[in-house]
Amino acid sequence: MAETEKIEVRDVTRIERIGAHSHIRGLGLDDVLEARLVSQGMVGQKDARRAAGVVVQMVREGKIAGRCILLAGEPSTGKTAIAVGMAQALGTETPFTSMSGSEIYSLEMSKTEALSQALRKSIGVRIKEETEIIEGEVVEIQIERPASGTGQKVGKVTLKTTEMETNYDLGNKIIECFMKEKIQAGDVITIDKASGKVNKLGRSFTRARDYDATGAQTRFVQCPEGELQKRKEVVHTVTLHEIDVINSRTHGFLALFSGDTGEIKQEVRDQINNKVLEWREEGKAEINPGVLFIDEVHMLDIECFSFLNRALESDMAPVVVMATNRGITRIRGTNYRSPHGIPIDLLDRMIIIRTVPYSEKEVKEILKIRCEEEDCIMHPDALTILTRIATDTSLRYAIQLITTANLVCRRRKATEVNTEDVKKVYSLFLDENRSSKILKEYQDDYMFSEITEEVERDPAAGGGAKRRVEGGGGDAQPMEH
């Protein structure tokens, strides 16, 4: 008797990973820029969201560039969330570059070069180009291959619209494109005459009954109308940084894919700026200033702030949004203290948006949205306990407990997370306050812990000087009497 084969079916892991802000779809504003309480994944912070909505409107108009906005507030008040909401509201057409303040420190590249590249990544250029295309439905296609298998292929294709039908002779390059796209009779295609690119739009509705079953990717379209040969305006959107890389002699086009751009000369950038301004005067191109978001801006030093002072006054500058959670602190690279760790002359160029701590009701709404995002069904009582944990500790800690509580729930073959699951993970994973309390209680058992009490040195060891161990290094230093 033949053995029956067992087929094991496994779920393919999703490519879309759930991130800290993947639930945000926009700023949650209505047509008159009034913030809704809960909308598009955003909760609370009505004033900050409305101010961010005004900035988004300013960026969309594209008339004002070089403005600087600072998002200032305590930790876990949604500064990065507002920046992500701005990126979602602007859409894919507007360049949005996100970076951290510590990303600019590298051995391969200077700090000013890293900032220059980030600024130029945030400025888009829409280049308009008129191309001649052939658009029609394939009636018949004939390709003659040499008997030897090598040599030039020749062929003919018959294309039609609702008004006319024409035969075209095909060259070797176009035939390769046809074979690659798997073009057959009944397909609606476009051929770019300048580049020879073949694009398959779909199947004609007249051929809908050719097959009893078709795949989900099969798309049915109408047969094109009018002339076969048409002129079409194509808009290419590129960033200034991409143009810089392509025109850089040392790296060239391949650096776009490898990412190894290195230093780009200022002369190259100046020439590109002049050319882009020429195209704008001739109507061939439009400059689209985007947004550069710098998180943890207090990590920049005085040289970077000095560079930004000058860069923001340029015509080719994007809108720069910065975020920080520091109060009055030292400016990196100096001994001077200032608000948010930013020099006063740069603060004078900024408009500041303040974020306030979330209320308990708003925290509960955020946790509910995160549960939906992470496919976690949570009992209302468990959600109440998690909200209490978030208000007592931090919102980030409570969000991290959602997935762990869901795993504990699945381990006991249940579908809904209850209060016992939340209590279990709360006891397993410590928050900052409980961890600090344990460290203070058992600090003598840890290595290199700070000993504040002074210990009398043994006279037999030589000398009667008092010594103490400093935290971090463990070096004993003599104390002066």
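Every residue gets a Cβ built from N, Cα and C, even glycine.
Annotated ATP binding site per Swiss-Prot: G73, E74, P75, S76, T77, G78, K79, T80, in sequence order. The region 'Disordered' annotation in Swiss-Prot covers 453-481.
Taking the features listed in Swiss-Prot, we show where each one sits on the structure.
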residue : record           : Cβ neighbours (10 Å)
G73     : ATP binding site : 20
E74     : ATP binding site : 12
P75     : ATP binding site : 11
S76     : ATP binding site : 21
T77     : ATP binding site : 21
G78     : ATP binding site : 26
K79     : ATP binding site : 26
T80     : ATP binding site : 17
I want the residues beyond G73, E74, P75, S76, T77, G78, K79, T80 whose C-beta is within 8 angstroms of the mean position of the ATP site's C-beta atoms, in chain order.
N325, T355
Can you see whether DSSP assigns G73 (ATP binding site) to helix, strand or coil?
strand
